[in-house]
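In TrEMBL this protein carries:
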{"type": "SIGNAL", "residues": "A:1-17", "note": "signal peptide"}
{"type": "DOMAIN", "residues": "A:155-266", "note": "domain 'Cytochrome c'"}
{"type": "BINDING", "residues": "A:Arg223", "note": "substrate binding site"}
{"type": "ACT_SITE", "residues": "A:Cys227", "note": "active site, cysteine persulfide intermediate"}
Amino acid sequence: MKRKLMAAAIGVTAAFAAPLAFTSEELNFDAYRQMLADGNPAELFEMEGEELWVTARGPKNATLEQCDLGLGPGVVEGAAAQLPRYFADTGKVQDLESRLMHCMETLQGIPSGEIIGGKFRQGERGKLASLVAYVVTHSKGKPIAVDVSHPKMQDMYAMGEKVFFYRTGAMDFSCASCHGEDGKRIRATHLPNITTNKGAAEGWTSWPAYRVSNSQFWTFQHRLWDCFRQQRTAEPVFASDVTIALSVFLAAKSNGYEAQWPGVKR
Amino acid sequence: MASPMRIRAASKDGVTEVRVLMSHPMETGQRKNAAGEVIPAHFITELTAKHNDKVVLSAEFGPSVSTNPYLAFKFNGGAKGDKMVVTWVDNKGESRTDEVQIS
Amino acid sequence: MSKKAIAPLALTVVLAALLAGCVKHGHYAPGASATPAAGAADQALEARVEEMMLTSFKATGIASLDRQVRDEVQKACSSPVQPDAETMRRLEEGQMATIQWPSNGDFTGGDWKEGARIAISGRGLTWTDASPDNNGGGCYNCHAMDPGEVSAGTIGPSLVGYARLRGNSEEIVRYTWGKLWNAKAYNACSNMPRNGYGKILTETQIRHLMAYLFDPASPVNK
């Protein structure tokens, strides 16, 4: 008798669960993204960034055309695919945003503090995002090629890896809590498994991106900032070491994968 | 002043495909800000596309169209080097015109 | 010795090191404590990361800097490999002692409809949230519960038909309360937040979630 009841219960569960539960495939938004990719509004930010690159601005009334993103002054083509990297002139590992911030300060005289103390999508930090859109678009389709041979890059990678597993905050989350296994979701959102190269590349090569749901262009710094917000930590400082370390960790694991920049997200 | 559009126009086998990305908030007038005040409506109402000086498309837009709208269409005719001009007008009377050469 | 002869030897050493890493830490971990020197280097790195987790952050709103400092459980579980069985047992014992059982000795009295609202809401405790009160439980972020809710995460197991499948024995009711209050008492490195112990949810809210899981009228059990 008991066995029969059990079987009936299982039957009911299946009948309810099967037609209603969504599989991972049904809840992935690849087709939607493909449709959006043709008219990705990130292009509007790219246009603004292209204009900003050649516009004389700031207390020094200079353009950014002498900015060295790692491939020599003024070279934008392919530069983002090789960032973050170690820069001898600053003695630091810098990602695209911290490097652009350095150029804005040294060439144009726009103080970094204004950007670090600012807000995303506003003021000079907003302009920086448009510059990011411009620069990353010139690495679209290029393979990620981050050089981790410098000891400071290796150190940042090691720190980034530790941070990835660092459980802290009000809900005990680390990056790995959500991004440590294949095929998982939060609500309907697919989560790449960043412990694998493929999963890391899924994230790194698709951000910065335009978010259709809020009509905003988000840089990688912005993306990480919101990850930490949802992780319930304190607020990460713009372009701080933790953001650079995690960026090096993700970028280096993405080596060889093709940049899809700028991405488009729902 | 309104931000520029990105227009692409390409001719193939006597048919020209035009793709236009517009920078516009497209506020519906239905939304409220954090303070609970209605955000005033601000959206494109009309769009006109001209091939050289001939109108090939005119469209009415409204508040249901997304922020930063994207529009793609095809028309018969058009050749490399021809002029393609797109103009929009919004409910505040602002407008923007951009042009490209068909490739 | 020719260069050719050295290469395979070096390769063997690397492979051996890699294999040792695999066995001890899984494929992903650096071979940290393989030697005392490496262990010390890892500890130095760990200390610098702890420092960075403070200096790279700032307090904003209710999200204060003390969130950057790990407790014993968080620290032990900050690695791709969970601690040894003895450590896990010791941590779980400590966490078990933090569970507050219902103040009136009664696990019932919740309203499943309130429970549903708490389960669906993922709000609360970020630096953009005004106050630490009235948080969501964020249950659907990771668990399926009501089979009619298709937007359910998959990080945790499905809880569809929770009481219908598990019954409502004292044992399962007690376990569920404890798990909701402090999930780390049952698995020190569980992905699930410590709702009661961490002051994410109040006792009343946990009571509502109990009703959502156990009430025969709750859609979870339909």
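These residue numbers are counts, starting from 1, taken along the chain as shown.
Cβ coordinates come from backbone N, Cα and C, glycine included.
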**Complete:** Sequence-ordered list of residues in the chain of A:Arg223 (substrate binding site) that lie 6 or more positions away and have a Cβ within less than 8 Å of its Cβ, or none, is A:Trp207, A:Pro208, A:Ala209
**Item:** Neighbour count (Cβ, 10 Å) for the residue listed as 'active site, cysteine persulfide intermediate'
**Value:** 17
**Request:** State the three-class DSSP label for A:Cys227 (active site, cysteine persulfide intermediate), counting H, G and I as helix, E and B as strand, and everything else as coil.
**Result:** helix
